[in-house]
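Reading through the structure tokens given below for one structure.
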């Protein structure tokens, strides 16, 4: 069993993402996800660095998969990543 601790920080969308995807609203928040030590670990490969995740109230959208949960205050959200 391998467990990840997800540290979520708000990120800014690029112009390309903004044009092609729905803007995160009140119920969706973009977050950056980092795994392990900031200096780098065996878990922090290229594929993990490019992971984009959202905290969503109602579940994941197309091309996203559930990667766990995230918390804002006392509310619990679904962590959806692509």
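Positions of Cβ are set from backbone N, Cα and C atoms, glycine also.
The annotation signal peptide is assigned in Swiss-Prot to 1-8. Annotation source Swiss-Prot lists region 'Disordered' at 1-43. Annotation source Swiss-Prot lists disulfide bond at 53-81, 55-70, 60-80, citing similarity to another entry.
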Which one is it: of the disulfide-bonded residues 60, 70, 80, which Cβ has the fewest other Cβ atoms within 10 Å in this structure?
60
For residue 53 (disulfide bond), the one of 60, 70, 80 that lies nearest, given that the disulfide-bonded residues are compared by Cα:
80
Between residue 80 (disulfide bond) and residue 55 (disulfide bond), what is the CA-CA distance rounded to a whole number of Å?
6
